[in-house]
Amino acid sequence: MSTATGFSRIFSGVQPTSDSLHLGNALGAITQWVALQYDHPDEYEAFFCVVDLHAITIAQDPETLWRRTLVTAAQYLALGIDPGRAVVFVQSHVPAHTQLAWVLGCFTGFGQASRMTQFKDKALRQGADSTTVGLFTYPVLQAADVLAYDTDLVPVGEDQRQHLELARDLAQRFNSRFPDTFVVPDMFIPKMAAKIYDLADPTSKMSKSASSDAGLINLLDDPALSVKKIRAAVTDSEREIRYDPEVKPGVSNLLNIQSAVTGVDVDTLVQRYVGHGYGDLKKDTAEAVVEFVSPIKDRVDELMADLTELEVVLAVGAQRAQDVAGKTMQRVYDRLGFLPQRG
């Protein structure tokens, strides 16, 4: 089956579990979403969600979660997501996500769910007493997020491939019993997605789950702090600036970062730094990053100072999302034989 709009649908989202998105989020994901809006406006209908329901698989302070949900949405807009071209909304504003998650949970084998790698890793770290059923069923909710919108393409990293495979499997399993219910989504990998690594551990990708904040370039950090972090970035004991991720991961990461925020290709940058030291590379990278993030931070500050614009965007987005996901739920409920509500 295909969507009635004729567009390919895309769904993606970010958890509101930090006070700021980091440069890896921006360059590895969200700027790619932005590019889709403008490069292929007649091909894709995009749904970009703040996935707050996923956030509560670990304990959250209510006021902090409320603020982080808004600031995450604000960063979507500040990075260039256009609510006139894409649907921007908050997951908990659309009941279909949890409704569909329950249905899909009834089609998910316990063994299949227990084999999800991220659950096993987190359960091992947290211990049985701290591991919730919500964390266990997290991938099923992810599948519901995707399938509720008849999603064709899901921009995901390698670490989420297993969860997307679950969504595909559940769609196919349901369709085998109730044909033509779900679109089976495919993985979407942008051609030029930047891979940004931790400044303090350049063999690990930049992630908000890192043990230390020292390696993260947060979009909303004070510029002076970003400069300090980049100047302290791990490099190596050599002096030559060349691109070699295996041998020189730290230097290569700085080159990637500078290339991503300036648009200058890495080979050109390497030629510029012939005869220069790591200090020059760090200085220039820091300046380029500050120039990139400063207008983003300014726009977020503006949106958060007066929430009217942001709240309207999220309300309109939730209505559009509910219109689409509600039709999916009606189709699912009809297939299952649930009694329709009358009146």
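Placement of Cβ uses the backbone N, Cα and C atoms for every residue, glycine included.
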From 130-134, 175-179, 205-209, 245-249, the residue range that Swiss-Prot assigns the feature motif ''KMSKS' region':
205-209
Which range of 16-25, 276-285 is motif ''HIGH' region', per Swiss-Prot:
16-25
Validating a neighbour-count step here. Other CB atoms within 10 A of the CB of ILE196 (ATP binding site): how many?
24
Non-local Cβ contacts of THR17 (ATP binding site) (under 8 Å, 6 or more apart, same chain)?
ALA55, ILE58, GLN60, ARG68, LYS208
Tell me, how many other CB atoms lie within 10 A of the CB of ASP145 (L-tryptophan binding site), whichever protein chain they belong to?
28
What counts of helix, strand and coil residues does DSSP assign across the motif ''HIGH' region' (16-25)?
3 helix, 1 strand, 6 coil
Can you tell me how far the Cα of ASN25 (ATP binding site) sits from the Cα of ASP145 (L-tryptophan binding site), in Å?
19
For ASP145 (L-tryptophan binding site): DSSP state (helix, strand, coil):
helix
